[in-house]
Amino acid sequence: MEGNRTENLCNRSFGWLQRQENDVKPWLWKLSNCFSAAEKTLPCSAKTKDYMENQKGVVESKDASSHNAGSKLFPAVPLPDVHPLQQQQIQLSPGPKVSCCAHGSDSCTPQMHCGVGDGSVIHPGTILDSKSTGTITCQVGSGFAFPSASSLKNPPPRSNLAGIASEFPGMCIENSVSSYQHLPCCGKLHFQSCHGNVHKLHQFPALQSCTPSGYFPCSEFTSGATGRLDEHIAQSELTSHVCASPLHLSVAPSVCLKGSHYCSDCLNKPTRNSLVDAAKIWPNIPPPNTQTGPVSIPICNGCGTQGTGNEKSLLLASSLGKSPQKYGSPEVAVAGQVLENLPPIGVFWDIENCSVPTGRSAVAVVQRIREKFFKGHREAEFICVCDISKENKEVIQELNNCQVTVAHINATAKNAADDKLRQSLRRFADTHTAPATVVLVSTDVNFALELSDLRHRHGFRIILVHKNQASEALLHHAHELVCFEEFISDLPPRLPLKMPACHTLLYVYNLPTNRDSKSVSNRLRRLSDNCGGKVLSISGSSAILRFLNQESAERAWKRMENEDVFGNRIVVSFAPKNKELNETKSSNFVGTEKVKSPKKVNRSTKLCITNKDGSDQSSGTKGSAGRGLQSHGSVIKPTNVKSLQELCRLESKTISRNTENHQEHLREIPSQNNSHAAAPVSLTTKKSGVGESSCKSSYKKETSVSRSMTNSPVDKKDKDEAVFQVSYPSAFSKLTASRQLSPLFVSQNCWSSRSMSPNLSNRSSPLTFNVVNHTSGTDCPDPFANGADIQISNIDYRLSRKELQQTLQETFSRHGKVKCVELSPHTDYQLKATVQMENLQEAISAVNSLHRYKIGSKRIQVSLATGAANKSLSLLSSETVSILQDAPACCLPMFKFTEIYEKKFGRKLMVSDLYKLTDTVAIRDQGGGRLVCLLPSSQARQSPLGSSQSHDGSSANCSPIIFEELEYHEPVCKQHCLNKDVIEHEFDPDSYRIPFAILSLKTFAPQVHSLLQTHEGTVPLLSFPDCYMSEFNDLEMVPEGQGGVPLEHLITCVPGVNIATAQNGIKVIKWIHNKPPPPTTVDPWLLRSKSPVGNPQLIQFSREVIDLLKSQPSCIIPVSKFIPTYHHHFAKQCRVSDYGYSKLMELLEAVPHVLQILGMGSKRLLTLTHRAQVKRFTQDLLKLLKSQASKQVIVKEFLQAYHWCFSKDWDVTEYGVCELADIISEIPDTTICLSQQDNEMVICIPKRERTQEEIERTKQFSKEVVDLLRHQPHFRMPFSKFIPSYHHHFGRQCKLAYYGFTKLLELFEAIPEVLQVLECGEEKILTLTEVEQVKAVAAQFVKLLRSQKDNCLMMSDLLSEYSKTFGYTLRLHDYDVSSVPALMQKLCHVVKVVDTESGKQIQLINRKSLRTLTAQLLVLLMSWDGASFLSVEQLKQHYETIHSTSLNPCEYGFMTLTELLKSLPYLVEVFTNGAEEEYVRLTNLYMFAKNVRSLLHTYHYQQIFLHEFLVAYSKYTGEVLQPKAYGCNNLEELLGAIPQVVWIKGHGHKRIVVLKNDMKTRFSSPSFPLADHVDDHGNQLDDHNGHIMETPGSTSSMELSLGTPSNAPNQTEQELLCLTNTSPVDLLCEPVPSCLPSPQLRPDPVVLESADLIQFEERPVPLSEMMILTEEEKQKIVTTAQEKLTSGSVASSTAENTSVPPRHSSETQLNKEAMDSPAKKQHKNKVKLAANFSLAPVTKL
């Protein structure tokens, strides 16, 4: 596409080339030695659309790729070496005579003649009509007219010779012009681009034995010049032009590349880095994704003539929009070889094993494979195997574009991909012979056998691309190994392949109204279903359908037109009816019509402007497609619209016409609105952008721009309310409003006061000034008539400007004529350039090819600068200023700015456009993102309070109100000022002294509003005391430091009032919105200024300012002392440049939300704003209240409480007010609560009673906090990082309401036992309490020692090993120790220090089993029948009493017994009952377990059938068991929740609930009350003294065990047997109750020494020693035992009047069962002989 570019292609010029066209004689163009005389031509029509057929996907023909598929498309034949050609001896066939050229190295060269004539028409089908001659004669001239499919009617005029190279790319001269730098007979040639869409291509008639050399585009030639093309070739190379067929192996290798010929001198020249881009020849064919590198080939440039440096190589096949050649790109060829003679190479890719990385380009992978391995080879196979349904669709598409065969297999079949690849490898070996190369991309060892055969049996060269974990068996068979990870290490990201969503609408009319909409919708859906239509809406007799693209919509229009829908013939149209677009409303402007909402029109006529023939699209068309049909004014109804192309053309005409109408309407605006400077103009237009309507109601209620300019009642109402409005600034009259209204802007229906304001250097007024340029052009010409601009960014600024300009010139000139290259100045390291191309097509080609092209060390960003975009830059500039002026410090993060812009103006922001506003904004890289900052030249002077939002506080729905700077204001009030002779220019600001006053805001605020009312909304600050005194009484002035507050600060504390600075430097008191605030306004001071969100440096500076001023008396410091005070306070310099400013005052004004500048001149003072003071007081007050035990304080005691909390006296002026009530009233009720108690005002924190569930969740949250902080260095983290860390650690949000809190800090304060919040200045740090830190470091030591050999570590190595293991050092001072041994003392429950020969060694202690201890403690608690709880100390004493051993928690890994019990949260609860002593009790679930244990103790062998459990439990406890009360669904689940107590054995209805062996032991001691007694079971024996003795009920035996006295631990237990009741009838004679299971006898446990279980005792008790107890003796035994129980005396070994046989020592042990699971229990024999049945009643007869 070398449009109109003149190149000197020869070192000589010929005069006959300069002749006029009428003097031109026809010349013959001889192609005689390109074809044999004996060969015949083939018809042209048969191959007309072969190039289209070759675009089919490779997946469909993956296994049968044609051998000559690629050779049909511009085969890139490599240039052979001259010397091998000369060595070959070939029989030549007779050829035509040729003439000689003086420039050739040999004497005989063929000549080609091209004549030029007028009026000649050549039909492609008759180009070759002779069978017997080798000469082709064709005339080329200005009268040429080839049949064309181009849709363009009027291509640009051409001069000189129409580009031969671009118009005949398929003939033998296809590349001669663009490639030859030597055309001795042509002189100068002018290249011209192809305009329009892709033209139909006609194949050159192929000879029978020769491959076709190319295709002809049918294009239009408008002008031309004579030219004679003589090509020179050595005689030794003559035979290479006879036949181009690769099948004729007997013929010498051809040196003709697509019809180009070379002389031997040129072939012997060294290569040059040159490039001729394909877009110059085929401009409208989109280039494929595959970019093959060029090989530089010397081209005939005439003998002794040097070639220019802007060509790279010959034509690249991959850049022509066609499939790459079968045998690769031209670079894979080696000189002296023909493609067929090159060894074949095949690539076999297991893409499931070696996949393309996510988000990376498969094109780049294929390209690298071809570049690395294909040199000197021809591509014979390139296949990858995968399940295309499982693979990424974009990867598959990219592989198809690269002409890679994608073989589909079923992923569910085992080794399906491997089998397919192995089959392909075998086929490759059968087809090709050595030498051949196989490239396998896989790591699967299954290919080892195939690779071995290919290498050793077939002699192939094997290249293996594998991953790191490849097997040695696979690697052994490869000649060359390539690591896949390194091979794809720096792949470029994948560019999005999807086209932007572009929907097309169809409008259907004449639908039946007597049918329901659902039926009509179904009918329409059936009609349009084949075309992918979707019914959007049905309204009355019309409907709207949406289609994905233009073609689908046109097919549906043809199908649906005049179709029958329930008896009605429907009408289908691409555009809505005229009445929908042109609804007029009454207006003061004549001829103004109702315009449909831009949003609706955008929705209804959003057109997909694509090129059917596949021409390139510029990136600029994405945003400009489908702006709608209407502009301001009337819209012409499109008549007989048959296609969307016509609609597009109609749209451009309509916009042009409506622009004229709009200009006429604008001229009708009353002139006084713009001419009279004193008349305020109040327009209530709302800002809206493209695609956003001014009013988002139905189209009948929408108003046009012109209607909003009229004097509507709304406008009048606003004017009446705005009593005190600032007049039109006179400065505006000095500026010219030279803004042109682009068609894009007109069609937006928006008139932004901020965007149209000409005063960009100052803050715009809240009033709306419509400054319109009436001289804007009505007939807008083609925006690209004078060329297309290309914007280039991300340029390497390290390169010199000269080098950059030259590089850009050369790079872009390859794609077309470059008019100029402009470089922007180096600004903030953002160097940008603008390249102007000759026409749009060249610019599009350059953008597509050079985007992300690497120049220097950076990849440039290339975008097309459309005309509309250029003209809207002024609009974007004003919109950007309007947003950034309202931002703190005039800076916003890029993401925040984009969000505000799109929400405010309703359209997408092109970030690249921001870089074009070099005179308005600067974009800096800061932190993790980019910052958009307004340049000082565009900034307005900030008022001390910054800007304000509207009263509703919503910046999303309406534009924030910006403070205007008054152009001029009188320095004093002429009416009330005592010194009325003040002259402005003689006033010295340094003489102004800031007055201090003592005033209550409660009375002062209404007085200030009253003053503003009487002074028409503005009062000069200088005369405010005089005005106040005239209206009210004198101000109570005090000297500085005498308990007063600066008057200027007090005024800003008044809601709705602000102090602005006029341009003459005078401070003026005024209302924020030029009128009194409404009574329902939210506190306006909260809305005055915003924190600099996203600017971390300014945020940090604002915190430093607060911290600095807090330390100053009354929070006031002079400006002159700020720098030294800052340096002294923070021990660092305050460098203004670090924050992006050049002056200190600019930096101070950048934080108006915290800093207020008082006074004028050099004696200005700095203080905190009222907002910052309220926030600071709120924090201090909360800290004070939380320090009180009752979380409240009486107002009278506030001074004392403040002094006690902060160690300083209370001074209300420290917070910028004169009374405590003034600042307390500013705090929301949700933070502080004021209440009246006993005639005293009390300040307290509002509390909400939390539910029990929330309390339980808070306990769980405390454990989560401990877990989270244990993973942090030093068990601490910043407060601000807790929420994201919590979300990342637990995978869920931390919802405060879930725990019953509204603030995170309050939630932390609810868990003081595990977490404490430390305040380090303004930053809060979360850390574990000391106890939790010790636990955490103990856990770390356990982990550390267990990772060491022998679980021990030398003490000297502890700190280094700790740092190595956990990544941070161990800070001993965190644990209040100064040495490692001292820390070990605190961790004595975890580790112990042992002295060894090599030094002190740290070892883990041997912990005892916590499970055994848990069971023992559980039995103790279940046997306790006193209160429902007992103290921890009592539990420890009882344990030591029962088990006769001390309970040391350290032996179990705990510091205290309380911590041990807290580690069993599901078994016991530890609590404090209002005192310091801690108590323990069973949980609700284990209270149920206690009842179950007691119940099972009443049964034989402590077991019961499961189906009888509910009834027995209800009888035993007297209550119905509800499993859901314990969080279980059924009884079985409930019993399974207490595995420490019971277990269920058996199956089906025979399941039995069995008491665990650990729970069967029952203790009784004088100091430990007996449990397990219930009144209604008859299990208690009452004697006449009222004593109670426990007996097991419902059993056939009774056992009473007296506890062993503490002073005689080795004394044997005495067992007394008695009958269960006083009845004289023996229980054995009684019938067995039906509810009891059959009795079973079980012996006492036998000691291990007794090996023989059936052996009788060595000393049996004689019967004479046994005696029968009478009833009286029994009663005495019971009485005596009970007395001993109650008195706590030691039980004697014998009872009175009772002879008890002494028990064997083996019987002193308790009933011990296996402590493990019941499965370990020994099997019971059915027959048990000679055992000690202690449970049976002993009866002597």
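Quick reminder: no glycine exception, Cβ is built from N, Cα and C everywhere.
If you check Swiss-Prot, you get these features:
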DOMAIN    345-482  domain 'NYN'
REGION    594-636  region 'Disordered'
REGION    659-678  region 'Disordered'
REGION    683-716  region 'Disordered'
DOMAIN    788-867  domain 'RRM'
DOMAIN    872-946  domain 'HTH OST-type 1'
DOMAIN    1257-1332  domain 'HTH OST-type 5'
DOMAIN    1333-1408  domain 'HTH OST-type 6'
REGION    1684-1727  region 'Disordered'
COMPBIAS  1684-1700  compositional bias 'Polar residues'
DSSP-assigned states of the domain 'HTH OST-type 6' (1333-1408) in counts, ordered helix, strand, coil: 40 helix, 15 strand, 21 coil
Residues of the domain 'HTH OST-type 1' (872-946) by DSSP state, where helix covers H, G and I: 34 helix, 15 strand, 26 coil
Secondary structure content of the domain 'NYN' (345-482), with strand meaning DSSP E or B: 53 helix, 34 strand, 51 coil
Residue counts (helix, strand, coil, in that order) that DSSP gives for the domain 'RRM' (788-867): 25 helix, 26 strand, 29 coil
Local confidence of the prediction over the domain 'HTH OST-type 6' (1333-1408), expressed as mean pLDDT: 88
Number of helical, extended and coil residues in the domain 'HTH OST-type 5' (1257-1332), per DSSP: 42 helix, 15 strand, 19 coil
